[in-house]
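Here is the structure we will look at, set down as structure tokens.
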Amino acid sequence: MLHKIIGRYGLGLFSWLVVLYLFFPLAVLIAASFTASDFLAFPPSSFSLRWYARLAANSQFIDAAWVSVKLAGLATAISLFLGVPTALVLSRNRFPGRAVLSALFISPLLLPAIVIGVAILQYAHLLGFARTFLALLVGHVVIMIPYVIRTTMASLGGLPMNIEEAAQDLGANRLETFFLITLPQIKPGVIAGGLFAFIMSWINVEVSIFNSTAALVPIPVKLFNYIQYNIDPLVAALSAITVYVAFGVVFAIDALIGIDKATNGQG
Amino acid sequence: MRIGFWGAILLLAAPLAFMLAFFAAPFVAIAFNSLQDPDGGLSMSNYVRLVTDPYYLKAMGTTLSIAGWVTLITLLLGYPLAYFMVFRVRKRWLKRILYILVVTPLFTSNVVRAFSWIILLGRNGFVNDLLIWLHLTDKPLPLLFNKVSIIIGLAYIMLPFMILSVAAILQNLDHRLKDAARDLGAGPWSTFFHVTLPLSLPGIVSGALMVFTLCVSAYVTPSILSGGREVVMSMLVFQQYATVLNFSFGATLAVALLITAFLLLAVYHSARFAFAKARQMRGNHAA
């Protein structure tokens, strides 16, 4: 009897507990951010928005957030500009060396991020642009390109080619065909890839940390440095905001192409 | 629309130049630097130091053992959930919500996710309160700022990767094989162990290798949750660049991490090759 019950409901119960394990730490941050007390506690004893107000008045965190927004925005634009054409060639053409090329573009995803950060620092050091916005920017573009290429290739893969052929038969040239026929159809995939890339830059520490200075520091690195010495509800408020952003982006990607598609084969 | 030869060259020129200049070249730079001794000559002295100094060997041991534990834990927690999501959840909206809950943590910074465990694992934290309430212990356990907290935090961070890789394979599994096993009289457990589990092996292997590789090079989580008491490889890399300022030796440590990642990737690709071959042979057999 017990055996049957475990067989029937055990898996479901276990699975929901695992889901709880995945979500609970995020919920804890959100709950802790609304505390009125001066120290961090979960469950919080009282409700207030004072730590959010403190955060809004903290110029260091605001500056860091601004660095992150500029960095992620610019790096997203560049990685779309470089990644979409690459995806187009890789998915449409078969040529010798294609496998090597695609490995080159995808490999930043598979190699240790900290090593990419170190390599960029050392290289930038040789060329004289270490610890500058440019060094941060190129490092971020390198780690973002694979995300753009992958989602764009996934959307191109599901596209019937005969519509493009029809457009060309009707007299459109290649550029017109791309901008009027292909791009509108793969737009959700491209936007999702851009969002994916943006968030990977927005949360990155490993690549940024080597090229940051006291004056030029993206928000995750700032937070990382801050919590080495301070553990207070201010951190929880900032963390909670990043959780809200994460949910927003996940819902946006889900609406665009479906979250299961965007992450399929992610593992 | 096929792209002509010159068109392809035109489209690839800028991306390729970018990757060569800012991805390939920096790696060449650190590989070269790792071979420089303090006098500027070329030698293997940095590598000799790495494999003979007990301090570094111990750090490597800690790193690998943490990665091993995390891989095991994520597999034990992630596989059942992936199975549940793919085979048991029938409603589309529920499946979608589960996917969103699994993926959202991936969109949050490791700093934030590790920080949350500082709140949860402290002496008077939620986890200790829970354990005492359940009478599993009568005084708070030392859970924070040691190997235990690193493993718990990393397992939390890596779990979505394992779930997604196993789910991706289970999703494409031929349902008829399961049904056939059931029709031939196999019980649910027997069907699972003789049919589903072996067929999902590629997902397990790719998930495990991915989690292991990411753990070996993880920096943020171990440094937040170690409290300075445990040292892993990536922390040594950072130390060399940020405080010791020995770039050559830092480069050597980074290259060692890179080589580890390459070895794991090689294992991954040969495993994939073996699975593809096995599938092909089964296909021939069936024909």
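Every residue, even glycine, has its Cβ placed from backbone N, Cα and C.
Source: prediction; values computed, not measured.
Residues 40-44, 47-49, 51-52, 233, 236-237, 239-240, 243 of the same chain lie 6 or more positions beyond the ends of the transmembrane segment (A:12-34) yet place their CB under 8 Å from a CB of it. The annotation transmembrane segment is assigned in TrEMBL to A:12-34 (among others).
Summarising the annotation, TrEMBL assigns domain 'ABC transmembrane type-1' to A:65-253.
The transmembrane segment annotation in TrEMBL covers A:71-91 (among others).
For A:103-123 (among others), the entry in TrEMBL reads transmembrane segment. Beyond the transmembrane segment (A:103-123), the same-chain residues lying 6 or more positions past its ends with a Cβ under 8 Å from any Cβ of the stretch are 83, 86, 90, 130-131, 135, 138-139, 142-143, 145-147, 149-150, 204, 206-211.
A Cβ distance under 8 Å defines the sequence-distant neighbours of the transmembrane segment (A:129-149), meaning residues of its chain 6+ beyond its ends; these are 71-72, 74-76, 78-80, 82-84, 86-87, 90, 105-109, 113, 116-117, 120-121, 190, 193-194, 196-198, 200-201, 204, 207-208, 211-213, 216, 218. Taken from TrEMBL, the feature transmembrane segment covers A:129-149 (among others).
For A:190-214 (among others), the entry in TrEMBL reads transmembrane segment. Listed by sequence, the residues of this chain that lie at least six past the ends of the transmembrane segment (A:190-214) yet keep a Cβ under 8 A from its Cβ atoms are 68, 71-73, 75-76, 79-80, 83-84, 112-114, 116-118, 120-121, 124, 130-132, 135-136, 139-140, 142-145, 147-152, 155, 183, 220-221, 224, 242, 245-246, 249, 252-253, 256-257, 262.
Residues or ranges marked as transmembrane segment by TrEMBL: A:234-257 (among others). For the transmembrane segment (A:234-257), the list of distant contacts is 26, 29-30, 32-33, 35, 40, 51-52, 54-55, 58, 61, 151, 155, 188-189, 191-192, 195-196, 198-199, 202-203, 219, 223, 226-227: same-chain residues at least six beyond its ends, Cβ to Cβ under 8 Å.
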